[in-house]
Amino acid sequence: MRVQERIIEGLLWLSAVITIFVTVGIIWVLLSESLTFFSEVSVLDFLTDKQWTPLFAEKHFGILPLVAGTLLTTAIAISVALPIGLTIAIYLNTYAPAGFRATIKPMLEILASIPTVVYGFFALTVVTPFLQTFIPNLAGFNSLSAGIVMGIMIIPMISSLSEDAISAVPKSLREGAYGMGATRFQTAFGVLVPAASSGILVSIILAISRAVGETMIVAIAAGQQPRLTANPLVPVETITTYIVQVSLGDVPHGSLEYRTIFAAGITLFIFTFALNNLSFWIRKKYQEKYD
Amino acid sequence: MSKKPYKLEARNLNAYYGGFHALKDINIAMEEKAVTAFIGPSGCGKSTFLRTLNRMNDYIDGFRVEGDILLDGRDIYNKDIRVDELRKEVGMVFQKPNPFPKTVFENVVYGLKIQGIKDKKVLAEAAESSLRKTALWEEVKDKMDKSALALSGGQQQRLCIARALAISPSVVLMDEPTSALDPISTAKIEELIYELKNDYTIVIVTHNMQQAGRVSDQTAFFYMGELVEYAKTKTMFTSPKHERTQNYITGRFG
């Protein structure tokens, strides 16, 4: 019996440790490869050059166009997902009858389970042609339709997490507002949303993090042209798209061009790592405020 | 002395949570500017009944009422009655102090603000007068822009009462308002209830028999969803008619 216990304990320990090793390994590869990259390209150039053309004859290694593409698609996605997601959360929490809520919540989750590649060609073959009917100068690849579709994809993330946050507001506060003659609308926006603001903020940050790291939709629908622009109608390239492009292309291993994807990767990692930590910190800091 | 008019009346009131019959044929009439206490063991329906008086149970799935509740002779379950308007007339104080996570000032004027009152002078005056009524003004006048959550439990509860009074209701419902408070805070609230009945009709649910004896003019004893006995508090506590009431108030069960 003792031996069996020890074996099981050992296996559990091992599986916990493996995840740590894998994480450390990934970070190690990212770091060491990008250190080699930065020994050839200065960090200053990387951060300030306005062009990203590592695959061209005249090479520029400015990450800004890729960052701009990423932020643009993310911003469009969030401006679609936040109002819709939050409205859904408030509706489900405050207005919807329990039976309806029980049906609609799992259905929303389906949105999150559609493969992103499906979203990608949906953006390219349905949304873009549709948008072109009233925005004639919209390019075939553009950040607008990729951003909108990405926004639809992350709606359930915002609605679900925000609904959880609103549900976690003590019932006594809700009743306090109702007892003062507040309507449901006044209660939702004047009391519940402010009281749940930290949870809602966390849902938004996680959604941003998801959008920043999203690859398929933008690779398919937003184009592959690194461009420092805020114009949503033209093709752009995100950090993730660039990594896909080079990984699938015929760039020789070990070359400087090859190492650019690690530099791009570590930039992306810093973004998502910071966002996830920020959400973790907010949750920790404000969690017990109303207990 | 002429008899005071009835402020609140329930006629043949039945209430259900789904299939559970929570209130059985309640008939009761409460006097204006008096304190009526509801007592009874847990689950007897006293809180449910209190919450039908401002329709606080409306949002509970499967809850329904039959019969009438009259406020100044008007049926509050009538279709023409707007629930938010009703609750401005019938204020409520809850079991646990539940100030909003806002400043002291914002809490007191919340009810006025949602009615669209923006005039700073009006709001400030209303805040001061409500806080004076609850004897809280001297304690919080320098903390108006501090979070209400920083106040002590007793202060928070008096703040909640002030918040309820700020919208000038004529009835104040109190659902075990002192059950989460220490004895000194409890005494302050009881004193306050005694003062408030000059201006307001008060209905209080309490688990504490002594409290019912101290603060109320009339007492209603509920048991298993029925109103067993309703009488002047003094009468009920000295010579209850029913054996159940007798047993409950002497602490033999409950």
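One-based numbering along the chain as shown.
Note that Cβ sites are derived from N, Cα and C of the backbone, with glycine treated the same way.
Automated prediction, rather than curation, is the source of TrEMBL annotations.
The annotation domain 'ABC transmembrane type-1' is assigned in TrEMBL to A:67-279.
Here TrEMBL flags A:12-31 (among others) as transmembrane segment.
Sequence-distant contacts of the transmembrane segment (A:63-96), counting only residues of its own chain at least 6 positions beyond either end whose CB sits under 8 Å from a CB of the stretch, comprise 46-52, 104-105, 108, 143-144, 146-148, 150-160, 162-163, 166-167, 184, 187-189, 192-193, 200, 203-204, 207-208, 211-212, 214, 218, 222, 226-230, 232, 236-242, 263-264, 267-268, 271. Taken from TrEMBL, the feature transmembrane segment covers A:63-96 (among others).
Here TrEMBL flags A:108-131 (among others) as transmembrane segment.
According to TrEMBL, the feature transmembrane segment maps to A:143-166 (among others). Residues 69, 72-82, 84-86, 88-90, 92-94, 105, 108-109, 111-112, 114, 116, 119-120, 122-124, 127-128, 131, 135, 188, 192-193, 196, 198-200, 202-204, 206-207, 210-211, 214, 217-218, 220-223, 232-236 of the same chain sit 6 or more residues outside the transmembrane segment (A:143-166) yet have a Cβ under 8 Å from a Cβ within it.
Feature annotation from TrEMBL assigns transmembrane segment to A:187-208 (among others).
Marked as transmembrane segment by TrEMBL: A:261-282 (among others). Counting same-chain residues at least six beyond the ends of the transmembrane segment (A:261-282), those with a Cβ under 8 angstroms from any Cβ of the stretch are 27, 29-31, 33-34, 37-38, 41, 46, 61, 63, 66-67, 70, 198, 201-202, 205-206, 208-209, 212-213, 239-240, 242-243, 246-247.
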Cβ under 8 Å to the transmembrane segment (A:187-208), counting only same-chain residues 6 or more beyond its ends: which ones? 74, 77-78, 81-82, 85-86, 89-90, 93-94, 154, 157-158, 160-162, 164-166, 168-169, 173-174, 176-178, 275-276, 278-279, 282-283, 285-287, 289-290
